[in-house]
Ligand SMILES: Nc1ncnc2c1ncn2[C@@H]1O[C@H](COP(=O)(O)OP(=O)(O)OP(=O)(O)O)[C@@H](O)[C@H]1O
Ligand SMILES: [Mg+2]
């Protein structure tokens, strides 16, 4: 079981009866500790179903499941390996009724939230709604409800936002919906306020393991605390240098608090990096160097010096993309790692991907974009799928709510709230409820008429879709339907810029073509169709396969393709060859244009932000196993103009190499350790002199 683990890793894996924190740099095998510990716990007799491993993204969870299956076989399937949010969903499905939520509640995406906020706040301006969204999310992560938020509001702006929050929450209740923050906040409420639920979950959790612990926020910390209870059987692994979600409320306080809240906490450090060559690791250590440290650490690698880190200067973004493609092609000729999946192109912001996508397409190199929004996750596509799901299953309540409100059809949230209460009371789906003969006792006649009209329309669509065969007919059907519900108008009304609306409408058209093609036969310009000629299917049948789409995109993972990813989404992953693009001042580190000339508060933020950008760069560099290239452009587009641009300061910092190149990091580590030991001894002596009690098991305070 302990094969393939060093002594410190084994120690972490074998320590099962109390709280354990593994604090270590990138690529040192923290995630490996988690998978091996799952196996060890099962071997020690803990039931697989009582083990929960929490990861940061769905993708990381999928990968961990895969690794666990390799180690333990089919028992891995019984272990709960998921994100904090997925754990929240599970808890709410089981126990949400305690808080008045139906088991079939729906989860709103960011676009849904903005739309509801526009309605709640009486605005059509998406930017304003997004500001509210941001503030409300912040409050929710602090555990505040609307009333509490209003009570603590500092100015009129906050007071107004708090009132909008109250209206927003009313709508969420009416729609039986929750937003992302609720998926942590509501389970926390359940655990804190309901002793029976708490007892049940604490009993269910034999051991909890948390990966990427440095990126948990305050509510996640609380939730974890309630779930593990007094026994504190958990293992958290993390790296303070990789904390990159401060902007979303993640806090390193969670690392600092742990030894205080759990005095028996066992802290284990790992120092060997098994991922990258020394050249790559040195660049990483140099970049992260200037940041303040929570504890001393320097990573070393025994994989040899390897290729030097390459700095590429390009004229502009097109040129940068061409150079990246050329690099991929040349490495494929000359490296032992030549599968497409061995390459990743990483960047700071989503919009940077487009030029690279185009260049890869031209060179016929297969790729996938991760970390951005997949086509099928786009709000407009999910809108249409909401309707399809309702044709197929009238009892799909979230689909019902999406369809009945998108576009708006004069059925307001008061009507939907009454319908929801009625449906819950009589244990009916919303669709069944609207045809119930008892409904007139709970709502006015006009509201019922609108609901009936909607219900009949759905039945009619379902009938027509069932009998609509072949591509041509399907396409015509979809066009008619979109006209009937005035979807194009809805898009243009909801967007501030015509361009954004047009792009959404373009997606809708593309999706309709795709659907129609799957109905068989030929569309007018249907060259690339993968249909068997002659075989025709009904539109309803095709709509049914829509539910498979999410599984389809999961399968993308094993495809042999080049990865394009944001730095944020690359966390925890590794590739033999990595290209870090757009390493320009202003982009990485990222700088908001309106920064200059604002008050002190912003200035203070700037230093913290720079530290976070530095960690982001560190994350990017440490994804590379064998080769790393960082590129920057001499000119960048700003609005419509091309302006001169400078290389990122991080590039200069990486190149500090020359003087430290031959320094053995282990020597540096020894010196650092001695320094910290001395500082800890000094602190202890000072504390003894002042007769203050010392907390046990803490790491030295930050410098
Ligand atoms: N003891 C070991 N022997 C051999 N390979 C190891 C060992 N420990 C870890 N590895 C390998 O090193 C690589 C990095 O490990 P892992 O992903 O667990 O690191 P990590 O600390 O979680 O990194 P990150 O901070 O980026 O999340 C993986 O390919 C892993 O299989
Ligand atoms: Mg990891």
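Note: Cβ is positioned from N, Cα and C throughout, glycine not excepted.
Because TrEMBL annotations are produced automatically, they should be read as predictions rather than curated entries.
Computed from a predicted structure; not experimentally measured.
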Listed in TrEMBL for the ATP site shared with 24, 25, 26, 27, 28, 29, 30, 31, one of 248, 256, 275: 275
Segment assigned the feature region 'Disordered' in TrEMBL (from 660-681, 682-703): 682-703
In three-state DSSP terms, the structure that residue 28 (ATP binding site) belongs to: coil
Least buried by Cβ count (within 10 Å) of the binding-site residues 30, 275: 275
Entries of 26, 28, 30, 275 (binding-site residues) sitting next to ligand 2, with Cβ under 6 Å as the cut-off: 30
Residues 24, 25, 26, 27, 28, 29, 30, 31, 275 [recorded ATP binders]: greatest CA to CA distance in Å: 13
Sorted by sequence, non-24, 25, 26, 27, 28, 29, 30, 31, 275 residues with Cβ within 8 Å of centre, ATP: 32, 239, 270, 273, 274, 299
Number of Cβ atoms other than its own within 10 Å, given for residue 24 (ATP binding site): 27
Other CB atoms within 10 A, centred on residue 26 (ATP binding site): 23
